[in-house]
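Peer 1: Can you read through this structure? Questions will come right after.
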2 protein chains.
Amino acid sequence: MDIATLREQHSDHWMRAAALRMLAMDAVAAANSGHTGMPMGMADVATVLYAKHLKFDASAPDWADRDRFILSAGHGSMLLYGLLHLTGYEDMTLEQIKNFRQWGAKTAGHPEYGHAKGIETTTGPLGQGIATSVGFAIAEEALRARFGKKIVDHKTYVIAGDGCLMEGVSQEAIALAGHLKLGNLIVFWDNNGITIDGKVGLSDSTDQVKRFDAANWHTQEIDGHDPDAIDAAIEAAKKAGKPSMIACKTNIALGSSAQDTSKGHGALTDPQLISDTREVYGWNHAPFDIPADIKSWWEKVGSRGAEAREAWNDRVEELSANKRALFDRMQSGEAPKKLSGTIRALKKQISESGPKVATRKSSEMVLEVVNPVMPETIGGSADLTGSNNTLTADLGTFTAEDRKGRYVYYGIREHGMAACLNGLALHGGIRPYGGTFFVFTDYARPAMRLSALMGIPVVYVMTHDSIGLGEDGPTHQPVEHLAMCRATPNTLVFRPADTVETAEAWEIALSVKDSPSVLALTRQGLPTVRREHKTRNLTAQGAYVLADADGKRQAVLLATGSEVSIAMEAREKLQAEGIGTRVVSMPCWELFEQQDESYRRRVLPASAVRVGIEAGVRQGWDRWLLGERGREAKAGFVGMSSFGASAPAEELFEKFGITADAVVEKVKSLL
Amino acid sequence: MDIATLREQHSDHWMRAAALRMLAMDAVAAANSGHTGMPMGMADVATVLYAKHLKFDASAPDWADRDRFILSAGHGSMLLYGLLHLTGYEDMTLEQIKNFRQWGAKTAGHPEYGHAKGIETTTGPLGQGIATSVGFAIAEEALRARFGKKIVDHKTYVIAGDGCLMEGVSQEAIALAGHLKLGNLIVFWDNNGITIDGKVGLSDSTDQVKRFDAANWHTQEIDGHDPDAIDAAIEAAKKAGKPSMIACKTNIALGSSAQDTSKGHGALTDPQLISDTREVYGWNHAPFDIPADIKSWWEKVGSRGAEAREAWNDRVEELSANKRALFDRMQSGEAPKKLSGTIRALKKQISESGPKVATRKSSEMVLEVVNPVMPETIGGSADLTGSNNTLTADLGTFTAEDRKGRYVYYGIREHGMAACLNGLALHGGIRPYGGTFFVFTDYARPAMRLSALMGIPVVYVMTHDSIGLGEDGPTHQPVEHLAMCRATPNTLVFRPADTVETAEAWEIALSVKDSPSVLALTRQGLPTVRREHKTRNLTAQGAYVLADADGKRQAVLLATGSEVSIAMEAREKLQAEGIGTRVVSMPCWELFEQQDESYRRRVLPASAVRVGIEAGVRQGWDRWLLGERGREAKAGFVGMSSFGASAPAEELFEKFGITADAVVEKVKSLL
């Protein structure tokens with residue numbers, strides 16, 4: 001539908017959508033940076049969606065039963081900011097729009113979760129939005145199954161671009177969504193045929209509709225500028241009973257001289273182009289000036305859901321006290337009071353019995369007691385259930401038929417799983433965890449980075465955390481991955497030494513609200529090193545003295561995970577030679593970093609020889625070995641400096657020299 | 001086709017394929033580890049492929065015009081090892097098979113490139129094989145276009161499993177291959193319906209054939225045990241004129257009691273199961289015992305290509321001397337002699353003119369002079385051509401119609417691109433490079449890790465390497481990525497400070513043979529810091545003194561990339577206050593590490609205050625700031641400790657405190 005027809009046949013709609021287009025154009029021009037073309041192309045879809053379908057109340061952006069809108073094509077952020085501003089989200093003022101992409105503004109280059117209400121997830125890295133939306137949709141289904149349709153009944157709408165669909169993670173997402181028949185998920189594909197490099201045809205000839213069909217989606221193809229067609233398509237999608245993809249043929253940078261070109265994808269800042277476009281649009285207003293009637297219409301759209309929200313409030317009031325309390329607690333993200341007692345009981349039992357188990361098994365032991373007291377957990381694995389030990393009794397499987405199941409078989413889709421976990425956590429009401437091999441954080445990384453950037457409490461259960469996995473060889477043996485996870489800001493990286501530390505790590509991971517956690521767990525069995533029960537969560541301090549020196553302290557051994565028991569063994573040998581040796585277990589560097597300096601000094605006193613032991617690369621260790629400003633200690637490291645190899649695990653530790661004897665030797669060479 | 005029918009109607013084929021199956025079963029049982037079921041399921045396909053179609057000569061595994069066989073489902077490694085052993089690859093002895101998954105054996109858990117001839121690429125991380133194969137296919141097309149069908153005319157065959165097809169990277173790969181109409185690429189999908197967690201139906205209901213159709217592939221569905229059907233399907237695929245996918249319905253762990261179960265996916269080690277299966281197979285031989293007639297038949301298969309290879313040798317001899325020399329040089333991976341002169345001339349010109357340019361632009365300047373003298377380069381970008389500056393004049397575009405083009409528009413597929421680059425490099429004859437934003441190494445990481453693990457000279461052109469990219473905000477701003485790349489073994493990470501260092505980095509990246517290179521390049525303009533021309537490649541030393549202290553040396557500033565000019569500015573200020581300050585530019589840590597200790601000491605003498613400056617996280621820096629054993633210097637760091645933000649770049653450097661003034665202050669606080 002061309003502009004002339006739109007202006008003639010849908011004049012009201014046109015001017016309302018034009019408001020979105022002009023805000024995008026004006027903001028990008030003011031910032032001299034950003035993406036004008038996408039908002040101009042998708043304004044019609046967004047206008048119809050918000051005006052007629054999206055269930056929301058701008059005055060209550062946290063309403064639990066709102067529909068979610070996810071702008072997967074996050075570079076078109078001004079479309080979202082424009083919608084939030086026009087519909088009256090309190091914190092999305094015109095001032096914010098005018099400060100698009102400036103320091104301190106809520107209107108970052110790409111939508112950043114937490115910057116402003118109405119931004120449901122951070123997008124920009126392509127494909128993340130559509131993949132994350134699958135988690136939103138699962139969360140809605142899961143909560144609806146628990147609390148009923150009167151309390152939970154909403155949709156997740158997504159706008160995805162060509163880039164989102166080219167990214168591999170989109171395939172993982174759509175395959176999973178189709179398999180799970182997530183009928184509450186509706187994706188608009190902004191089919192504008194343009195990418196940064198030029199026409200989509202430069203690099204792609206995929207029949208996207210057929211591709212979605214192959215993944216068991218409901219599909220439609222429409223003119224993405226025709227308001228009636230958009231409306232009808234959304235109606236049909238809602239009734240589809242499976243996820244729905246609406247291919248919207250649109251013109252990027254509609255109505256400008258850059259229309260349908262890759263130039264139109266970027267920042268349109270030429271004053272002549274802008275004034276010409278204003279003319280084409282019939283928009284005779286100053287930059288950022290929205291006529292009162294149009295603003296007022298949009299504000300009515302923003303309050304359209306108020307009544308429904310009040311009715312929903314009433315229904316929530318009608319819940320039984322227990323159900324209500326559970327709903328509220330789950331929404332709040334607070335762990336249940338029972339959690340710490342449950343963990344403590346397990347710790348006590350383990351300290352007393354001292355089993356030798358792999359920490360992946362320890363993790364399962366924790367989940368066995370935690371899952372029953374935390375109905376908000378939803379677990380899963382990327383096809384390594386029996387290896388990650390992520391499935392516990394009575395969880396049930398989340399399937400197209402059973403929405404009460406609390407375990408998701410994600411398939412061989414680490415990246416899609418991680419994005420899904422983000423969606424589950426962002427939706428609210430759910431504590432998600434998911435497992436794969438630690439080395440495959442590589443596949444999941446873009447989504448794991450977003451967990452950290454958004455500050456959401458996803459738990460990554462990463463087993464087979466070193467050469468200790470043995471025969472599968474270097475492709476499956478992480479050596480750089482602890483360093484990588486630790487290099488990422490706002491990520492709690494736990495590498496517990498035994499079941500007790502694993503329980504403590506889980507307690508923290510299930511209690512924090514603003515950081516993801518990575519649990520790096522072994523394949524191989526480890527002795528219990530924490531044989532004396534402490535009610536206090538020592539892992540919460542990040543590092544602590546596990547065994548102090550007998551006699552004069554000459555050496556401090558720092559270790560994590562499977563190497564803590566090696567450190568303990570080395571300590572015995574050193575003590576036998578009269579070398580007083582302390583062992584510090586460091587299950588979580590980030591938490592140790594947060595302790596006050598006096599505690600850190602007590603654990604790592606200056607002037608001793610320090611040796612770090614970890615079956616990974618040294619990178620990052622020097623901070624603890626040498627002290628931040630240096631000169632604290634003479635230091636050595638026992639670990640990996642290359643990729644691993646394929647052989648039985650014990651042989652690998654020997655061959656790569658990660659043994660108690662090697663530690664003893666290192667200490668002596670430094671003394 | 002069931003076993004009874006096979007044994008009756010195809011008795012010879014059956015026993016030959018049974019040899020593969022039994023070797024897999026015996027080797028896995030001996031190792032008590034591995035995957036038996038996949039080789040048992042795909043032995044028929046492999047037998048027909050090797051016996052009738054694959055162009056190869058086991059006595060000349062490096063024959064440039066051989067067909068490539070890629071086992072994307074790498075966990076089924078024993079299928080490949082069995083094929084190599086039976087067909088007579090010299091280094092794949094029976095001893096190696098018996099030592100499957102043991103220390104030092106060529107028969108690692110997953111096929112490792114370089115361990116044995118005939119392993120064309122490392123596989124195991126799922127999806128990598130199929131994605132890498134696209135690079136092989138492009139390389140073949142590109143070389144055929146240059147040298148003619150008489151010299152280059154081969155196919156790439158792939159066996160991919162359900163896991164490969166679930167991984168998102170497979171979508172990137174098949175979409176690109178379909179778009180480019182790579183008719184020399186034939187993929188067998190081992191459609192056995194089983195994954196580790198159970199039936200594929202637990203997590204997937206994709207219509208894979210339709211999905212490949214949607215990506216413009218030729219598709220067929222066959223009984224993967226019927227030798228005639230396999231043969232006919234391969235014949236048809238060869239003629240398809242586009243990439244071909246043959247869906248092979250197979251039974252995992254065929255004929256064993258674990259057939260068609262997830263148990264059958266793993267290691268079958270139960271003696272009763274094994275002896276029962278022997279009986280079902282009609283295989284009355286001891287473990288690892290292959291009857292002479294069967295071995296001899298397989299060896300004939302292995303020498304089937306000898307004649308063709310000799311004829312090919314003759315055709316190569318007939319090439320003109322120039323063409324022959326070029327072909328040989330390109331195959332050898334040696335850079336042309338002209339390269340260093342070309343680089344030197346550019347360096348001289350730049351040192352003299354001293355332009356202020358972004359290093360991404362510097363990289364383009366280098367490519368502009370290098371691409372004309374290195375016809376073996378094939379460049380590309382994941383839809384950021386104009387931002388990565390990867391396209392130079394006269395390269396031409398590699399398309400379905402033009403195979404002479406040397407630039408690939410990879411689309412928004414960083415991961416698929418990286419895997420493709422691996423394939424291009426592994427094929428031989430090509431020096432591939434590809435660009436994206438540095439932050440999107442996250443998307444490409446699994447393939448980048450394989451570049452490093454395999455030791456192949458891929459060049460990653462990673463622009464927009466810090467908060468210096470400005471307004472796009474934290475989703476696009478790498479802070480942890482230098483640390484991540486450096487944590488990865490065998491990866492050269494270059495962060496050049498200006499055009500001269502960029503030229504030097506490119507010279508190294510295009511000359512090394514056994515490491516990938518990552519070039520981290522700025523979006524923002526940088527002054528030329530190397531104003532005095534040196535013919536020597538200083539970047540090859542990894543780090544060097546860019547400016548020494550005037551007077552007594554009190555401080556050493558270490559910096560990379562865009563922060564080197566900040567260090568130089570800080571030095572001026574410090575010198576003005578009488579504080580003698582040395583600036584060390586560190587464009588490549590890994591190369592610095594390789595220098596002898598005396599050089600390292602000369603560059604970083606003990607006892608001074610050292611301050612590191614880099615717009616990334618501190619992780620890894622302490623090694624240089626404190627010295628490996630500590631106590632060398634008091635140290636400080638000016639860089640990032642959080643994610644970035646959305647704002648103009650200059651403001652971000654101010655707000656995050658990465659400025660000359662901050663460096664001056666840090667030095668003074670330490671003195």
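The backbone N, Cα and C atoms fix where each Cβ goes, and this holds for glycine too.
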Peer 1: Out of A:H75, A:H85, A:H218, A:H225, which is the one TrEMBL records at the thiamine diphosphate site of A:G124, A:P125, A:L126, A:G163, A:N192, A:H265, A:F440?
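Peer 2: Thiamine diphosphate site check in TrEMBL: besides A:G124, A:P125, A:L126, A:G163, A:N192, A:H265, A:F440, the record includes A:H75 out of A:H75, A:H85, A:H218, A:H225.
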Peer 1: Which of A:D162, A:D207, A:D213, A:D223 does TrEMBL put in the same Mg(2+) site as A:N192, A:I194?
Peer 2: A:D162
Peer 1: Out of A:S11, A:S59, A:S387, which one does TrEMBL list together with A:H35, A:H265, A:R360, A:H464, A:D472, A:H476, A:R523 for substrate?
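Peer 2: Matched candidate out of A:S11, A:S59, A:S387, per TrEMBL for substrate with A:H35, A:H265, A:R360, A:H464, A:D472, A:H476, A:R523: A:S387.
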Peer 1: If you skip the near sequence neighbours and keep only those at least six away, which residues in the chain come within under 8 angstroms of A:G124 (thiamine diphosphate binding site), Cβ to Cβ?
Peer 2: A:G74, A:H75, A:S77, A:G109, A:H110, A:P111
Peer 1: Looking at the recorded positions A:L126, A:N192, A:H265, A:E414, A:F440, A:R523, which ones sit with their CA no more than 10 Å from the CA of A:D162 (Mg(2+) binding site)?
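Peer 2: The recorded positions passing the 10 Å Cα test are A:L126, A:N192.
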Peer 1: Considering only CB atoms and a limit under 8 Å, which binding-site residues from A:L126, A:N192, A:I194, A:H464 lie near chain B?
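Peer 2: The binding-site residues close to chain B are A:L126.
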Peer 1: Taking the Cβ of A:G163 (thiamine diphosphate binding site) as reference, which residues of that chain separated by at least 6 in sequence fall under 8 Å from it?
Peer 2: A:A73, A:L126, A:G127, A:T195
Peer 1: Using Cα coordinates, what distance in whole Å links A:I194 (Mg(2+) binding site) and A:D472 (substrate binding site)?
Peer 2: 43
Peer 1: To the nearest whole angstrom, what is the C-alpha distance linking A:D472 (substrate binding site) and A:F440 (thiamine diphosphate binding site)?
Peer 2: 13
Peer 1: Restricting the comparison to the recorded positions A:S387, A:E414, A:H464, which residue's C-alpha is spatially nearest the C-alpha of A:F440 (thiamine diphosphate binding site)?
Peer 2: A:E414
Peer 1: Quick one: which residues besides A:D162, A:N192, A:I194 have a Cβ within 8 Å of the Mg(2+) site's Cβ centroid, in sequence order?
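Peer 2: Those within range, site residues removed, are A:G41, A:G161, A:D190, A:N191, A:G193, A:T195, A:V200, A:I252, A:H265.
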Peer 1: For A:R523 (substrate binding site), write down the residues of its own chain that are at least 6 apart in sequence and whose Cβ falls under 8 Å from its Cβ; none is a fine answer.
Peer 2: A:A358, A:R360, A:S387, A:T463, A:H464, A:D465, A:G468, A:L469, A:G470, A:A649
Peer 1: Spatial neighbours of A:H35 (site 'Important for catalytic activity') among the recorded positions A:P125, A:N192, A:H265, A:E414, A:H476, defined as Cα within 10 A: which are they?
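Peer 2: So the list reads A:H265.
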Peer 1: Just to confirm my parser: what is the rounded mean pLDDT across the domain 'Transketolase-like pyrimidine-binding' (A:357-528)?
Peer 2: 98
